[in-house]
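**Q** One structure, as structure tokens, below. Some questions next.
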Amino acid sequence: MLTEFYSYELHNILIVTSTALFFPISIFGSYVILFKTPPTIRAFKFPFFYLNSCYQIAIFCVGVLSGIDITSVASSMCVTYSGFVVAFGRIAVYIEVFIVFSAMFGVINAVFLSFLCRYFQVCHPKSLYSLYPSWQKAVNVGFLVATTVIIAVVYAVEVSLYAEERAIPQEKQITICFGYQIKPWLALGVVYSTASLLLDYFFICRVLWTMKSQISIMSQKTKEMQRMLTITLVISVLIPTVLGGGPIFAAAFGVITHLDHAEVFFRFLFVACIWQGLLNVTATIFLRLRKFKTMSVASTA
């Protein structure tokens, strides 16, 4: 019944429509982040741009480069690839797997780094990370690139080790199946994502608590700037929590418990991924152009 309600054909229509809506807005969002970021929040330019870029890469792979459908049968999970990537053979599929893992964990790490940066700015303003922009840039780039690539390589290697391939030339598809060995890695990914989100909430709570004691000595302009920056960060973590957390846990639960029609939860996850990126960049554009830009102009008047 569930697969009839949300069929693969309907899923593809939603994917294509959402992707077509995402990319024009996202490209404009990249322009806003790069060229319309006020000097007062320039420290967040790289994490925000990196976050938007990771969404673009992941959504390009899922919505343009290939069609992906995940099914769970008995003790195995199968991922079926179709579309442009299949024309380039199995190696291209594994390259896409690595790219998708890099983008997915890049989103998690970019959100985490934004909160970490904000935490050090407010709670530890005299630390090396807060005082020296060059040191901050080195830490930001090193953390995002190193952790994201290392985690993506580990997962891509595990996929290549445990994968059983089945090509269907007449249907122009490549199917990769996994046994029970992949389940601990799925659980580990869920734990990593959950731990990162919990730390994000911890950082923002510490920031709000610290700002509460300092707000009486701030100017009105500074108060407004701090408030809008905090809102931007909160939105950046609420969106993946709501749109990502639910589908991820549902999909993982379906695979681990061998739930019937678990593929529907993965389809929801792909659509939710696109709308995460769309809502995130839309919120970023709105807040920067309507608030930060106004305050930046006012400060130079």
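From the backbone N, Cα and C atoms, a Cβ is placed for every residue, glycine too.
What TrEMBL lists as transmembrane segment is 12-35, 47-71, 91-117, 138-157, 185-209, 229-253, 265-287.
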**Q** Between the transmembrane segment (12-35) and the transmembrane segment (91-117), are there three or more CB pairs that fall under 8 A, provided the residues in each pair are separated by 6 or more in sequence?
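**A** No, the stretches stay apart by this measure.
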**Q** Do any residues of this chain, six or more beyond the ends of the transmembrane segment (185-209), have a C-beta under 8 angstroms from a C-beta of it, and if so which?
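**A** Contacts with the transmembrane segment (185-209): 105, 108-109, 111-112, 115-116, 118-119, 122-123, 151, 155, 158, 230, 233-234, 237, 240-241, 244-245, 248-249, 252, 255-256.
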